[in-house]
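According to Swiss-Prot, the features are:
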type	residues	note
ACT_SITE	His125	active site, proton donor
BINDING	Asp17, His19, Asp57, His243	Mn(2+) 1 binding site
BINDING	Asp57, Asn124, His213, His241	Mn(2+) 2 binding site
COMPBIAS	581-591	compositional bias 'Acidic residues'
COMPBIAS	645-659	compositional bias 'Acidic residues'
COMPBIAS	685-704	compositional bias 'Polar residues'
COMPBIAS	708-719	compositional bias 'Acidic residues'
REGION	521-730	region 'Disordered'
Amino acid sequence: MPQTAGPDTIRILVSTDNHVGYEERDPIRKDDSWRTFDEIMQLARTKDVDMVLLGGDLFHDNKPSRKAMYQVMRSLRKNCLGMKPCELEFLSDPAEVFEGAFPHVNYYDPDINVSIPVFSIHGNHDDPSGDGHLCSLDLLQVAGLVNYFGRVPEADNIHVKPILLQKGKTKLALYGMSNVRDERIHRTFRDNKVRFYRPSQQTGDWFNLLTLHQNHYAHTPTGYLSENMLPDFLDLVIWGHEHECLIDPKKNPETGFHVMQPGSSIATSLVPGEAVPKHIAILSITGKSFEVEKIPLRTVRPFVIREITLATDKRFKGLEKKQDNRQEVTKRLMQIVEEMIAEANEMWRSLHEDSQDDEDEEQPLPLIRLKVEYSSPEGTKFEVENPQRFSNRFAGKVANQNDVVHFYRKKTGTTRKPKEGKRELPEGIAEALEDSDSISVDALVQEFFAQQSLKILPQAPFGDAVNQFVSKDDKHAVEMFVMDSLSSQVRGLLQLDDDKINEGLDSHIEDFRKVMEKNFLSGQQKQAQRRRRFKEKPEGWDSDLNGHWTLQPEAIEELSSSPEPAKEGGRVRPASRITVGDEDNLFEEEEFVQKTTAKRAPTTRATRKTAAATRATTATKASAPAKKSIAAPRGRKRANPFQDSAEEEEDVIMDDDDDYKPAPPVKAPPPKPARETQTRGAPKTRQTTLNFSQAERPTRTTQKAIEISDDEISEDDAFESMPARKSKRY
């Protein structure tokens, strides 16, 4: 396919699972991921494509490092920004397909010159989380470098709306569906709660392209998305998440569409699927037809993997009968590894032999993986060396010098008896732990809960919290989950009547657990946003030796969630939520705390004497300073809206007294509201001079968005849609 296409051809560079930031702390492999991503972006510029389509997992970590974010932004800015005009005409309503502070396509922004737009969905590694439900793609979108689409706000009610693009006579409907937990999306498709929208004009002329990020194969009965669940009006599906490169499109005979699996651009696990040569694809769409040009990636580190069985391999025949055969077995295994290293180096040279640009490039160390099954007949034995020690023999020759070899025994039908006082692991978990290459946190949790039942804590949120703790490095995920679940159970039990309590609490606890489980599976229950409160740093604490004080577990005093409604005089009054700049709510909460505290504190003779002594002591002082001493803390709090609400409440409670009546907060000095009005008015005046809407571009002022409607599907189709709304335009 020529690099320059005709006026009716849309050229798209397709790539998935870049995993920028993978092994960035490894002294040898630290730069592999971003170098390959930079090569992909350079190919987009040199091949003169119209756009780049990324299928999720751009970053390896949910919270990418500054280095990873810097390298991605540098590569995007270097290769995707420029004066070359983008020939793609955007026909959708941007508010329907984009979210965030700038809900429009970046190459229509009058302040940014984008020559190659990048469209991306998120995967399971870079998915939204935390306060604000943001992800790394939101940062790239707000910087104008990426068009982040395919969000799934409700996992149990998914609406997939396309981005409508046109170049010449070719019309492209680009659908995106970001990653959802596989069991949940499988159930959502099964329950017919996924609706695809189609253009209302010239429906049959559009090339329908879908990109998603899910399990492609049945790892578990419901832990994947079947191709047959997708609607048959699609023309091509770009399948992310699977790392094996199967980039040649394959047609599904039942649905009629083609499926392309580009695979990852870097090996993140030492398995056979990662050893397939890595490619990216340039997809050329003309009308309703398409062509694929696959391009091998040159910066990928060569990877060779083998698996041998010592009992059947001719090179080890008879060694199991000899005593002290460890040295001989190690020697022959080293010869096999040397052959694999030579094979990997030859692969790299053959890929670069016709390239003049890479003559001065140093050949990288290869990735080598040798899986050895060393079980032997009864009465014989293969003695193998420690895998760490064996791998270190190849330091300076391989990139993975700590895990070159993996020894394992053949699984037998005999079961081991657990020692007294120790519980045996379930069979599935034991097998997963033995095969370290295929171990998965989700699989371990599911297998464990299949053998062990929970009485109070809900199972699905528990598994999600463990996954957040391990995969997303959220140190407080499990703690927050347990606190939320227990507090919900306690609140539910306190609301029970005496008759229900006498019947027994076990059934009610089980009912509450099922409700929490159901709410989580439907996406209604999320982990509460919490504000951490830290203790004061001890004197003499050395951050260089002991680390930052705020990162220590003993530094956290409490994790306070959003305040629950408090009762006042038999009436339920919701506690005020303190937000930055919300001064009225700040004082309202202080007043509310004072009232409730005063009511709860019992009045005794001792307290009355203390109050009288306090008033007598106060009377001896000057009256003006005494009044200011009460109002001063309020003034400081008003000036600093970022102060922790918990500290404010403690200060108010300490100063509270039974006989003291605080001044109502509504009698605040009038100049402060006046200043607030002025500060609010200034931004409005400035904002009228700046308009970042799509209509500012002169060439698009007369353009109208094409309406899209949900797909018309027959009654016996598995994707029956809800009735279309007549008054709403898409």
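Backbone N, Cα and C atoms are what each Cβ position is placed from, and that goes for glycine too.
Ranking the recorded positions Asp17, His19, His125 by Cα distance from His241 (Mn(2+) 2 binding site) puts Asp17 first. Of all the binding-site residues listed (Asp17, Asp57), Asp17 has the fewest other CB atoms within 10 A of its CB.
Taking the centroid of the Cβ atoms of Asp17, His19, Asp57, His243 as the Mn(2+) 1 site, the other same-chain residues with Cβ within 8 Å of it are Thr16, Asn18, Gly56, His60, Gly123, His125, Gly240, His241, Ser264, Ser265, Ile266, Thr268. The Mn(2+) 2 site is defined by Asp57, Asn124, His213, His241, and by the 8 Å test on Cβ atoms against their centroid, the other residues of the chain that qualify are Thr16, Asp17, Gly55, Gly56, His122, Gly123, His125, Asn179, Gln214, Gly240. It is 13 Å from the Cα atom of His213 (Mn(2+) 2 binding site) to that of His19 (Mn(2+) 1 binding site). With respect to their backbone Cα atoms, Asp17 (Mn(2+) 1 binding site) and Asn124 (Mn(2+) 2 binding site) stand 10 Å from each other.
Counting only the Cα atoms, the space from His243 (Mn(2+) 1 binding site) to His125 (active site, proton donor) is about 13 angstrom.
Look at His213 (Mn(2+) 2 binding site): DSSP puts it in a strand.
Ranking the recorded positions Asn124, His125, His213, His243 by the number of CB atoms within 10 A of their own CB puts His213 at the top. Asp57 (Mn(2+) 1 binding site) sits 5 Å from His125 (active site, proton donor), taking the C-alpha atoms as the reference points.
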